[in-house]
Structure formats: structure tokens, C-alpha cells
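Asker: Here it is, the structure in full.
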Amino acid sequence: MHEMSLAEGIRSIVEDSAHSHDSSRVERVVLEIGALAAVEVEALRFCLEVVLRDSVAESAEIVIDPVPGQGWCMQCALTVPIAQLYDPCPHCGSYQVQATGGTEMRVRELMLAATHDQPEH
Ligand SMILES: [Zn+2]
């Protein structure tokens, strides 16, 4: 299941960040998941629950922010919304649509528990 390796990747990002900010607890993790990223959100949530157990993010709230899919239709020369990879253009029905947005998953934001002497950003 590739969600498990994604969850492990997220854990190492979160742990590195907490470590470099001298924080021992993560309060919130905001993930952006593109509609075209082929990530099963429920599976990922489950994997994160397993993977983050006993980590700095054990009690962190996991917020998943879906990013809509976008593609470039060569026929219309327009950016069009698409729900899935290889979907046709909603305007002209052409399959010559190149995915341009919503293809990635990333950690957008981490909220670390307040530590004293927190540096200014
Ligand atoms: Zn089109």
C-alpha cells in the first residue's frame, strides 16, 4: 500500500521540523492532497494514525486539504478543472488534457507546540 510509505515520509518531515525547532510536540499537520495525486485519503489517515503513534505528532490533529485537479486542454488552450487523470476536457471533450495542478501531495503547514524563546519568523 503506497499510502504507508507516504505516511512514513510525512512522519520524517514532521519529526525533522519539530527537531529543528526544538519542539517535542506537534499540534497540527496540514496536508495538501491533489485530486490527481492518486492518494486514498481514508487509507492515508489510517496509515498516519499507525505511523505517528509514539512520535512527536502522536496527538496532532491531521487536517487534509484537498486540492482540485487542473489540466491544460490543448484544443481549447485553456486551463480546465478535471476530477481524475486522463479525464476529458469538460468544454470540448478532448482527451488531450495535460495535468497541471493537483498532482502532488505535500505537507503545507505544521503547528508545533509552543516552546519558550520561539524564534520570530
Ligand atoms: Zn477543451
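Glycine is no exception: its Cβ is also placed from the backbone N, Cα and C atoms.
Bear in mind that TrEMBL entries carry predicted annotations, made automatically and left uncurated.
Feature table excerpt (TrEMBL):
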BINDING   His2  Ni(2+) binding site
BINDING   Cys73, Cys76, Cys89, Cys92  Zn(2+) binding site
Asker: Looking at the binding-site residues Cys76, Cys89, Cys92, which has the shortest Cα distance to the residue listed as 'Ni(2+) binding site'?
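Answerer: Considering only the listed binding-site residues, the nearest one is Cys89.
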Asker: Cβ within 8 Å of the Zn(2+) site's Cβ centroid: which residues qualify beyond Cys73, Cys76, Cys89, Cys92?
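Answerer: Those within range, site residues removed, are Met74, Gln75, Leu78, Val80, Pro90, His91, Gly93, Ser94, Gln96, Val97.
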Asker: What is the Cβ neighbour count of Cys73 (Zn(2+) binding site) at a 10 Å cut-off, with all protein chains included?
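Answerer: Other Cβ atoms found within 10 Å: 21.
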Asker: Where the criterion is a Cβ under 6 Å from an atom of ligand 1, which of the binding-site residues His2, Cys89, Cys92 meet it?
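Answerer: Close enough to ligand 1 are Cys89, Cys92.
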Asker: Per DSSP, Cys76 (Zn(2+) binding site) is which: helix, strand or coil?
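Answerer: DSSP assigns Cys76 (Zn(2+) binding site) to coil.
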Asker: With an 8 Å cut-off on Cβ-Cβ distance and a minimum sequence separation of at least 6, pull the same-chain contacts of Cys89 (Zn(2+) binding site), or say none.
Answerer: Gly71, Cys73, Gln75, Cys76, Val80, Ile82, Tyr95, Gln96, Val97
